[in-house]
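Features of the protein shown, as given by TrEMBL:
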- 10-15, Asp35, Arg40, 91-95, 132-133, Glu166, 278-281, Arg348: NAD(+) binding site (BINDING)
- 162-166, 222-226, Arg262, 269-275, 340-341, Arg444: substrate binding site (BINDING)
- Cys278: active site, nucleophile (ACT_SITE)
- 334-449: domain 'UDP-glucose/GDP-mannose dehydrogenase C-terminal' (DOMAIN)
Amino acid sequence: MKVKNICCIGAGYVGGPTMAIIAQKSPEITVTVVDINEKRIAAWNDPDVEQIPIYEPGLSEVVAEARGRNLFFSTDVDAAIDAADMIFISVNTPTKTYGMGKGMAADLKYIELCARQIARVAKNDKIIVEKSTLPVRTAEALKRILDNTGNGVNFQILSNPEFLAEGTAVTDLHKPDRVLIGGDLDSEKGREAIQALVDVYAHWVTPDNILTTNVWSSELSKLTANAFLAQRVSSINAMSELCEVTEADVQEVAKAIGMDSRIGPKFLKASVGFGGSCFQKDILNLVYIAKSFGLNEVADYWEQVILMNDHQKRRFAAKIVKTLFNTVSGKKIALLGWAFKKDTNDTRESAAIYVADYLLNEQAEIVVYDPKVTQEQILADLDYLGTRSEEENRKLITVVNTAEAACAEAHAVAVMTEWDEFKTLDWEAIYTHMLKPAFLFDGRRLLDKEALTDLGFEFYAIGS
Ligand code: NAI
């Protein structure tokens, strides 16, 4: 079977970029990305392609090439489901904030709503692709909903987790390390469905890089990949604290161990802690699943990755307070960067949010500059924590348009995101306009310690 019409439910950080690339590489397939968020869809359709809602290097060019040709964005979910022979579900799967499994389990209500909508609308056979990250065995629940509430049509369910990293989504999608497709390998129809999806990716991915497995392995591989990646960050961050008290340097340690081919050099950068919408939620989900099977040691092992990350954010904030003579009350602290990493405007679970919150509790005045994050988003992130009233947040936080403006008259500057532009700021001028002693806290090990100390800064970097 050749797929001619794809629908993707969810036009977010995953649905948008993945579908844009599929459309770019497969001109004969019509790809429609749908979402209930009208504002988001309007932004995807903005005549000025630079205004698309997700910032990713190279993405606006891809959208400009395919949009209106075979790539469409719409709020008409029913129509897109009806027309499609393959439907990707790419909706959010946040951590539950209520009831059973609160704070741990994945909230699958958006997934279930999609399944019920597909079942209601579908009048012919369809392949359903789980693109969202889901707990292992979710496909089973989806199948039961689809088969029991549908119109008697046949649904094949595939798991096709997404491994792109925000900030490099376009290159990751163009040249994936692997594409993983899980399906029912034991039935003819299952194998056909797998092949149909393999054929979509084969437009640009070499067959050796397309892996097929059973559905459960595929679902669990995504949680495992994120757990391993986050674990590396927490491992090197744990060593960063030990480095600070022993005069070892975490960068030197990382280099030394990274040259061991069994360990490898990537993902060994000490920092103020990982953020992003996925690592924490997926590990919590893994912990919840392990616990629900009574595997308490497995659960405790992975939970430690999160505890270490929380500790790292807290100790960075505490270091600022301690260094500033044990009080930041009424002091101006500039945060450079708010996004959870460079080259994205995504702020979900960003370390900056938690460090700011800690410092606000210590009555600091915070000034933020981020090249891609809006004031509206920064305030929304803090309001969401619910630590203090919205009025107080607006009183204590200022958002400015340049790094220089953020740092002027500040008691301290903290680098929260590794944006390249922070490396080449005129640090000498910044030093001149700060209060003295001028404290600089590098939460990303981005800056040159020697050069900045020579300029006069009291410089602290994680891990040395
Ligand atoms: P997102 O929150 O940016 O996008 C999800 C979109 O789905 C939202 O725009 C929402 O309005 C829409 N939606 C929810 N329910 C809907 C419904 N019933 N009908 C139509 N639209 C609906 O989320 P993001 O970041 O794209 O993540 C999606 C999934 O992909 C999650 O499961 C996540 O774990 C996974 N993932 C995310 C990665 C990332 O880097 N953000 C990487 C790999 C996987």
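The backbone N, Cα and C atoms fix where each Cβ goes, glycine too.
Known features from TrEMBL, placed on the structure.
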| residue | record | contacts (Cβ under 8 Å, 6+ apart) |
| --- | --- | --- |
| Tyr13 | NAD(+) binding site | Ile54, Glu166, Ala169, Ser277, Asp346 |
| Thr95 | NAD(+) binding site | Gly103, Met104, Ala105, Ala106, Asp107, Gln280, Lys281, Leu284, Asn285 |
| Glu162 | substrate binding site | Val14, Thr18, Ser90, Lys131, Thr133, Lys222 |
| Leu223 | substrate binding site | Thr133, Pro135, Val136, Asp282, Ile283, Asn285, Leu286, Ile289 |
| Ala270 | substrate binding site | Ile236, Asn237, Met239, Ser240, Cys243, Val250, Gln251, Ala254, Arg445, Ile462, Gly463 |
| Gly273 | substrate binding site | Val233, Asn237, Asn309, Asp310, Gln312, Lys313, Phe316, Ala351, Tyr354 |
| Cys278 | active site, nucleophile | Thr133, Asn226 |
| Phe340 | substrate binding site | Glu166, Phe274, Gly275, Gly276, Asp346, Thr347, Arg348, Glu349, Ser350, Ala351, Ala352, Thr417 |
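Ranking the binding-site residues Asn92, Asn226 by the number of CB atoms within 10 A of their own CB puts Asn226 at the top. Screening the binding-site residues Tyr13, Thr95, Glu166, Asn226 for a C-beta under 6 A from any atom of ligand 1 leaves Tyr13, Glu166. Residues of the domain 'UDP-glucose/GDP-mannose dehydrogenase C-terminal' (334-449) grouped by DSSP class, helix first, strand second and coil last, total 44 helix, 19 strand, 53 coil. For Gly10 (NAD(+) binding site), other Cβ atoms within 10 Å of its Cβ number 26. Annotation for Ala165 (substrate binding site): same-chain Cβ neighbours under 8 Å, separated by at least 6 residues, are Asp172. Around Asp35 (NAD(+) binding site), the same-chain residues six or more apart in sequence whose CB sits under 8 Å from its CB are Ile9, Gly10, Ala11, Gly12, Gly15, Ile41, Phe73, Thr75, Val77, listed in sequence order. The secondary structure of Gln280 (NAD(+) binding site), as reduced to three states from DSSP, is helical. Summarised as a single figure, the pLDDT of the domain 'UDP-glucose/GDP-mannose dehydrogenase C-terminal' (334-449) averages 98. Annotation note: Thr95 (NAD(+) binding site) sits in a strand segment as assigned by DSSP.
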